[in-house]
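Working notes for the structure below.
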C-alpha cells in the first residue's frame, strides 16, 4: 500500500504541521475508498520496481532517472513493460533508465514558457494544484524548491508519480497527495502555488481563486495557467455542452476578465507573462498514450476552432501576489 508516513514526518516540524490535525484521516478515507478497483493492481506493479539507485538524475533540464547503462537489455525490457501498465501517460516526458516515456503532453514546453517569469524557487515550499503525474513537481525540485507538494485525486496519476519517485533512488522532498483543493484547509503556508490547467474545470472559478489564495502565505506568489479567449474584461466563454470534446469545461475568460477576477480576490502585482495557442505538436497521440488527442478535438477543416466551433485552445499564464484579504470575500 502506498504510504504517506514520510510526508507526515517531514512536515511535523514545519509551517505545515497543523495540517496533520486532519490530513491522515482524509488520506486514510481515500485509501479505504480505493481498496477495490485499479489501485491494488497498480500497487502490485509498484512493488515490482526493484532496481538499483540510478547512476544519474536530472531534474534541472528534464526529468531523467538513470542513463540505461546499469540495466541489461532484459532488465530494461522488463522495466518498460511494467511502466506501460500505467498507461495512458499524459504529462511528461520522462526518461527512465534509457526508456523514453513519450507522453501525450510536452509538459516541458509549458515549463519553458512559465519558469522564466516566476520568482526563484530556491528554498521555497511549493504547492502544485492539479499536478497530474508530477512532471512539473520534479522540475520545481530541480529549480531549487525546498519542498514540493502536489495534489491530484487521480489514483493513476499517484501511481505514475510513485513509480518515478521509487526509481529515482532517493527520498526526495516531493510528495503527491490524492486530494482535491476543496479538501485542503486554509494553510497560509506556501511560498508559491501553481494552478496550471485547472481553472476551466472548476464550476466556480472565483471559489478556486480564493482556495488558491488560502494556501499562500502573505506575499506568496500564484502562478495561474489556464485557457483563455480574446476579448475585454467582460468576455467569458461558457460552452453550451462540450469544449474540445471535454464535458467538464465551465468558464473560459479573457485575460482581462481573469485579471479582474484576481484583483477582486485581493491579489496584487497581477501580470500576464505569456499567451500561447496550443500546437498540435504539444498535445498529441503517442505510443504511451494511444487515445484521441488534440487533433481529434479540433475542426478537421479549420484548426483555429474546436470540433464544436469554439476558438481553439489558447493558454495564458498569469502571475499574482497574495495581498491582505478583503473580509467580504472570506
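Glycine is treated like the rest: Cβ placed from N, Cα and C.
Per Swiss-Prot, the features are:
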BINDING   91, 105, 110, 130, 152, 153, 154, 181, 182, 196, 200, 315  carboxy-S-adenosyl-L-methionine binding site
Residue 91 (carboxy-S-adenosyl-L-methionine binding site), number of other Cβ atoms within 10 Å: 24
DSSP-derived class (H/G/I helix, E/B strand, else coil) of residue 152 (carboxy-S-adenosyl-L-methionine binding site): coil
Listed binding-site residues (152, 182), ranked by Cβ neighbours within 10 Å, top entry: 152
Local backbone state of residue 182 (carboxy-S-adenosyl-L-methionine binding site), from DSSP in three classes: helix
Residues satisfying Cβ distance under 8 Å from residue 200 (carboxy-S-adenosyl-L-methionine binding site), sequence separation of at least 6: 226, 227, 243, 249, 250, 251, 252
Which listed residue (110, 154) has most other Cβ within 10 Å, given these are binding-site residues: 110
Recorded carboxy-S-adenosyl-L-methionine binding residues, 91, 105, 110, 130, 152, 153, 154, 181, 182, 196, 200, 315 - maximal Cα separation rounded to whole Å: 26
